[in-house]
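Q: Per TrEMBL, the feature compositional bias 'Polar residues' maps to 1-16. Annotation comment: TrEMBL describes 1-76 as region 'Disordered'. The domain 'Copper amine oxidase N3-terminal' annotation in TrEMBL covers 185-288. Annotation source TrEMBL lists domain 'Copper amine oxidase catalytic' at 314-722. Marked as active site, proton acceptor by TrEMBL: D392. The annotation 2',4',5'-topaquinone is assigned in TrEMBL to Y476. What TrEMBL lists as active site, schiff-base intermediate with substrate is Y476.
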Amino acid sequence: MATTQEKTTPCCLQNDTTTTTTTTARSSLPPPQPLRKPTKDWPDPSQDPTRKSSSVPTMIPAFDTLTDPAPANTASASSKGILSMVRAQTSHPLDPLSAAEISVAVATVRAAGATPEVRDSMRFVEVALVEPAKSVVALADAYFFPPFQPSLLPKSKGGPVIPTTRGGHHRGKVISSNIVPDVQPPMDAVEYAECEAVVKDFPLFREAMKRRGIEDMDLVMVDAWCVGYHSDADAPSRRLAKPLIFCRTESDCPMENGYARPVEGIHVLVDMQNMVLIEFEDRKLVPLPPADPLRNYTPGETRGGVDRSDVKPLQIIQPEGPSFRVNGNFVQWQKWNFRVGFTPREGLIIYSVAYIDGSRGRRPVAHRLSFVEMVVPYGDPNEPHYRKNAFDAGEDGLGKNAHSLKKGCDCLGYVKYFNAHFTNFNGGVDTIENCVCLHEEDHGLLWKHHDWRTGLAEVRRSRRLTVSFICTVANYEYGFFWHFYQDGKIEAEVKLTGILSLGALQQGEARKYGTTIAPGLYAPVHQHFFVARMDMAVDCKPGEAFNQVVEVNLKVEEPGKDNVHNNAFYAEEELLRSEMQAMRDCNPLSARHWIIRNTRNVNRTGQLTGYKLVPGSNCLPLAGSEAKFLRRATFLKHNLWVTPYARDEKYPGGEFPNQNPRVGEGLATWVKQNRSLEEADIVLWYVFGMTHIPRLEDWPVMPVERIGFMLMPHGFFNCSPAVDVPPNASDVEIKDNGMAVKPIQNELLAKL
């Protein structure tokens with residue numbers, strides 16, 4: 001039977017010209033002593049009735065050569081409920097896969113290969129956790145939350161159930177093996193490195209570079225970009241890349257900004273499966289831009305400049321330690337608690353978000369929060385820029401491109417780090433240390449009021465808990481942040497930085513589709529789109545699906561007897577009853593926002609409790625309706641989509657967007673079912689983006705641009721949840737002589 005400790009991992013393998021998806025299961029921990037015989041089996045992901053079966057023959061047979069260990073001794077539970085539990089398990093079913101688990105999954109899949117040739121040729125693009133059903137997660141949450149809370153257990157006909165586990169050492173078995181035809185999995189860093197080496201070794205490429213005055217191949221940089229899908233030539237029957245070429249000026253300077261000299265006019269098409277060039281053409285001799293003296297961004301003299309000398313140290317200290325507590329991947333901070341997860345594709349995931357609200361106990365807000373896709377389309381119709389429309393999550397993987405964070409720079413103060421483990425292309429395990437950062441930040445003023453009659457004031461400073469990771473995809477860096485606030489707000493934020501993707505200009509040339517950055521260099525206009533998937537659970541206990549979404553627009557009252565002063569306006573609400581109705585766009589003119597409400601719970605005024613999605617700055621694609629990249633990115637056409645939860649609906653562009661020729665696959669197809677949303681297990685898909693018209697100030701490295709949105713309580717609490725934040729115990733004033741003195745609270749007394 002499936003248990004709270006059974007994890008399944010899908011492995012995307014590349015083998016010859018086929019892409020195989022398999023699922024393996026494992027049990028890793030000693031079994032607990034069960035307190036009651038289970039009355040039902042938890043659903044096995046491989047037996048999910050919603051999973052589509054495939055008639056394609058499998059390359060790896062599904063089998064199980066392992067035998068279950070003898071069942072552990074059982075003890076009867078009280079007829080009135082479970083009073084205690086033996087805590088033998090130390091791992092939650094939503095914890096990220098460990099290095100050992102990934103190794104087991106790879107070894108199990110490899111061992112199941114039909115022939116030695118199949119086993120030796122396997123390439124592993126991704127090994128990821130298959131998340132268990134929500135009922136299993138709820139059971140595990142009840143088991144792991146200290147103290148044990150029987151009220152969190154999902155109810156079954158026979159009462160609460162405590163599952164047993166398959167115990168002992170790490171073991172794996174193949175549950176299913178399916179060949180997925182006509183798709184290409186994401187690219188891998190090993191492939192990128194091999195592609196660069198193959199291109200630089202190609203004789204015709206060397207001759208083309210020689211015509212541009214470059215003979216030292218150590219100066220050349222080859223960035224492999226997925227081809228996307230523009231015509232049948234890009235069909236997924238071949239694994240293709242069209243690289244972008246750049247060239248440094250100094251081979252002995254590893255930190256030189258090589259993106260400052262793009263090489264244009266050379267057409268290269270690489271078969272990434274066999275790692276050979278299948279097309280090459282030196283179409284146009286575009287001279288290399290001159291070396292820009294402002295191209296580098298390293299400290300001081302190494303970039304030919306001088307650093308500022310008037311920056312004093314700024315230290316963040318917490319002498320009593322942080323206010324958060326971490327147990328494994330479970331985080332508690334003031335009244336918030338949640339779990340930290342991580343996958344190769346999405347990167348950081350926030351699970352089981354809840355707020356401890358006094359006598360009302362633990363109140364869920366969301367089951368799962370993550371960024372599931374990114375699309376970066378460029379607005380220059382010229383070669384090669386019209387092909388720049390990267391799906392950075394689906395084609396590359398946000399998590400796989402994450403990097404280690406440096407304490408004192410990426411994060412300040414008392415920092416808790418989480419490592420991340422991934423499979424590499426050959427099936428080994430790579431570990432990114434300090435991949436996810438958890439820390440507290442001072443966030444200025446929380447609230448304040450000054451009574452002018454008495455001169456007394458009450459003021460509180462705001463503090464937030466931040467969970468983040470940063471990834472590098474070729475030239476750009478993206479920081480993904482989830483901020484939790486003391487007043488019940490949750491903020492999602494993306495920080496964009498890195499280096500512009502440039503093009504070369506011939507002497508006297510100018511292009512209206514970009515900004516001239518330096519002599520011979522221009523930066524094309526482009527957009528950055530992000531998709532946040534929010535599996536909401538506002539005030540919903542395990543097993544409940546009592547949420548709905550209401551759109552709110554501000555309306556100006558018509559002049560008349562109800563508006564004699566012409567100043568009246570009001571908020572008008574509309575229930576989004578179905579998926580097709582819930583395809584919505586932002587409208588700042590009406591202050592449009594959306595409220596996720598619980599249909600059964602009310603606050604002290606009788607209003608339904610809820611959380612509202614407050615948009616930040618946003619945009620829609622600046623492209624024609626027939627733009628080729630929109631075939632794969634139909635989900636960009638609206639800012640908000642709402643669907644009822646379905647286990648297989650994870651990624652808005654489908655599971656395999658790389659070279660995907662199918663129009664509208666994913667979110668745009670799912671909503672055509674027009675399922676009811678009036679009372680459901682709601683999933684929000686919020687699409688937010690920014691339009692980047694490059695500036696000279698974005699060169700040589702771009703200062704951070706911020707974009708995001710807010711989840712804000714709306715009638716969720718009976719009053720401000722931040723009113724109980726205590727005054728700052730270290731309020732002191734620093735005089736000019738450096739002496740610290742306590743402030744006088746009563747300003748009226750101070751005046752006297």
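A Cβ is built for glycine as well, from the same backbone N, Cα and C atoms used for every other residue.
All annotation found in TrEMBL is predicted automatically rather than curated by experts.
Where in this structure would I find these features, and how exposed are they?
A: Mean pLDDT across the domain 'Copper amine oxidase N3-terminal' (185-288) comes to 94 in this model.
Other Cβ atoms within 10 Å of the Cβ of D392 (active site, proton acceptor), summed over all protein chains shown, number 21.
Its Cβ taken as reference, Y476 (2',4',5'-topaquinone) is surrounded by 19 other Cβ atoms within 10 Å in the chains shown.
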Q: In Å, rounded, how far does the Cα of D392 (active site, proton acceptor) sit from the Cα of Y476 (2',4',5'-topaquinone)?
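A: Between the alpha carbons of D392 (active site, proton acceptor) and Y476 (2',4',5'-topaquinone) there are 10 Å.
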